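Asker: Structure provided below as structure tokens; questions to follow.
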Amino acid sequence: MTRIIVVTSGKGGVGKTTSSAAIATGLAQKGKKTVVIDFDIGLRNLDLIMGCERRVVYDFINVIQGDARIQQALIKDKKTKNLFILPASQTRDKESLTYSGVEKVLNQLINMEFDFIICDSPAGIETGAILAIYFADEAIVTTNPEVSSVRDSDRILGIISSKSKRSEKNITPIKEYLLLTRYNPTRVKKGEMLSMKDVIEILRIPIIGVIPEDASVLRASNQGESIILDQNSNAGSAYFDTVNRLLGENHKFRFIEEEKKSFLRRLFGR
């Protein structure tokens, strides 16, 4: 059965699109037929992070409006087998997204036997975000360990619980997960960031992953590659752990404690 997962956040700049790309890529690496959809109409950043911006011919809105078939709009990833991207439109109005149109596209993807449909939602509560949430079976709420980000995530959780198709039909609610990004144990220790425990206590949803602050993320993004492809990076490893947990595997959380310096590093102040 196809799992529809929305990756969402209360505010921008928390690494939501990076997370969507990494999770989709990781699932495909595990042999799952996966498509990631960009719901951010007008901005379209997912194709840049996935390195396929020059291959966009048709987009999500073209399919909704009947200007293209789903097979024409889907972009097959060149680096990862089983992975497809459905880009957003850069030029169309956000109101071009409709409930019936999104449902039509999702049903077509389900009929194509995708294992996972990852919906990369815009931040906040605009049309794209509401529609990405509405049809989801599961939601990954992406947040930084900062008070403002966590507060906005709490608002998104309210929307997830009340504005979904599942809540309308009074069936099993959307399964919610917390993804904590840009986590820096040193800053947590100094009191400059909330701890993982603090965020869990505030939001009260299960945590699926903790992604450390890592310069490799920006480098990968600029190269048009998903960070999960860089397994030598801490962030890439943490995203892979997250994917494994999403598939039901148990993995200890890494990168949540300050790295202990060796004697020589302490001696030379490095």
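Numbering starts at 1 and runs along the chain as displayed.
Note that Cβ sites are derived from N, Cα and C of the backbone, with glycine treated the same way.
In case it's useful when we look at the structure, here is the feature table from Swiss-Prot:
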type: BINDING; residues: K11, G12, G13, V14, G15, K16, T17, T18; note: ATP binding site
Asker: For the recorded ATP site formed by K11, G12, G13, V14, G15, K16, T17, T18, which further same-chain residues have Cβ atoms within 8 Å of the site's Cβ center?
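Answerer: Other same-chain residues with Cβ inside the cutoff are S9, S19, A123, T142, T181.
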Asker: In sequence order, what residues of the same chain, 6+ apart, have a Cβ less than 8 Å from the Cβ of G15 (ATP binding site)?
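Answerer: Sequence-distant Cβ neighbours: T142, N144, T181, R182, I211, V217.
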Asker: Which residue among the binding-site residues K11, K16 has the fewest other Cβ atoms within 10 Å of its Cβ, if you could check?
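Answerer: Fewest other Cβ atoms within 10 Å, among the binding-site residues K11, K16, is found for K11.
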Asker: Under DSSP, is T18 (ATP binding site) helix, strand or coil?
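Answerer: Its secondary structure by DSSP: helix.
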